[in-house]
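Here is what TrEMBL records for this protein:
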- 22-210: domain 'DH' (DOMAIN)
- 239-339: domain 'PH' (DOMAIN)
- 343-403: domain 'FYVE-type' (DOMAIN)
- 433-534: domain 'PH' (DOMAIN)
Amino acid sequence: MALQPLPKAERQDSTELSVQQRVFNIANELLHTEKAYVSRLHLLDQVFCAQLMEEARARSSFPCEMVMGIFSNICSIYCFHQQFLLPALEKRMEEWDLNPRIGDILQKLAPFLKMYGEYVKNFDRAMELVNTWMQRSSQFKAIIHNIQKEEMCGNLTLQHHMLEPVQRIPRYELLLKDYLHRLPEDADDFKDAQKSLELIATAAEHSNAAIRKMERMRKLLKVYELLGGEEDIVNPTNELIKEGHILKLSAKNGTSQDRYLILFNDRLLYCVPKLRLIGQKFGVRARIDVDGMEVQHVFIFMNVPRTFLVSGKQRSLELQARTEEEKRDWIQLGKRAPTPIREKEVTLCMKCQEPFNSITKRRHHCKACGHVVCGKCSEFRARLLYDNNRANRVCIDCYTMLVGVPPSPASLSNSTQRRRSILEKQASVAAENSVLCSFLHHVEKGSGRGWQKAWFVIPDSEPLVLYIYGAPQDVKAQRSIPLIGFEVSLPESSDRLERRNAFKMSQSHLTVYFSADCEELQRRWMEVLSRAAVSMLKRLILPNLEVLWFLD
């Protein structure tokens, strides 16, 4: 028996029912995502922040101000959602049959979402603080890692959870747009929902610009976890450009091995697979600076297709792509705008190593590599592919690489031709392979100068020398101190120091005072400096004692 079409009135009721059901589903999704979001806010405020503040107040392992700097106004955000928005949504969904609307709630509470502006603006600084203190304080690191092991963290890092508030308002905007799209224009809730969308869209403007940065950060975090947290890459100045499997060709017989390349704006990581089911997937075998790196289309072995050569200051790699398209992608490396190094991280020109000043030695960015250089070291111009082949200011190294020939000797200033100094050990490279590095405040006894903040490094290659830099990205140290003959100790009352976490290095005619940001950092520096001094002493004295014993 054939089915008869529904009468017009029944068809209309069915359509209205489906519209009401879709509107209900969106409102219900808003409620469920809000519950999940409030639980994440609870994790950030009542677990991560609370435990770190408890440690800071009880044992002063690190400053309370630092913890507050990381979490910004997360407490206010958590209170708003947990005490106001979530209860209002829960109550409304319970009485949905009598009052099927959410626009009025969101219109009333949307203006409070402007508080997210403070959190979003602080996010870059918060990420920097997390990264810095994970390296600087073992207690800070232990607390974070212990919480991240808990089931409530869902195998995600603190940085992942801190992204949630940045992304939440744009998600409200998307849900409300969908809600309005399903809602008939003559519905009682339409005008309230429309007004709510306008308010939320205004609040979302604070987040949308930051989200683009956050997507870059999310990619960095993914790579950070692939490398088992062993590589310091989670930094707002870093940009992940490309990653993927590649074949490494043996220079001896042409056999291939599976490898993994990860390209950032400042370095290329050459990685090998780790045979583990969970956790770290790759280990870093080599790091190649993008500055000075070349990628060439060459035939490395006869009858071996899709080969190319990556050559840099640290190493050259003979590689084979799996497809021609993949090869073309890798050969295009570097043909895009660089992520510039922050000016505040550099006190010396990254080419001639002369100090900057506001009058005669101002800062400029090389538009090819992003380095901070002076006017004389960036007086060259070259056409850049990412800028439609327009001529841009570039440094001397990038000019040589892009044009193919170095500038004429007549065009070079004295600063670009001088001999390299023994202090020209780049801070970022030295720190990457260091016994210990961090910011410290320091002052030399009797110098007449006040306390100054600097970046201190003891390189792995020179564990008996302390290098002092103006900033972490400087290419030349301001000073180096051989650690021979120094005694490391806590200051005495006669030293009259009014700084916390202070210690000193003393020699016959030289005493240098230091102040660390926390007690743990103070302990680590005293331990490393003492060990270096003792090691130097053994090298110098023990051989002489053996000679004296033999002569006796």
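Cβ from N, Cα, C; glycine included.
When pLDDT values are averaged over the domain 'FYVE-type' (343-403), the model yields 78. The residues of the domain 'FYVE-type' (343-403), classed with DSSP into helix (H, G, I), strand (E, B) and coil, number 17 helix, 16 strand, 28 coil. With DSSP classes pooled into helix, strand and coil, the tally for the domain 'PH' (433-534) is 19 helix, 41 strand, 42 coil.
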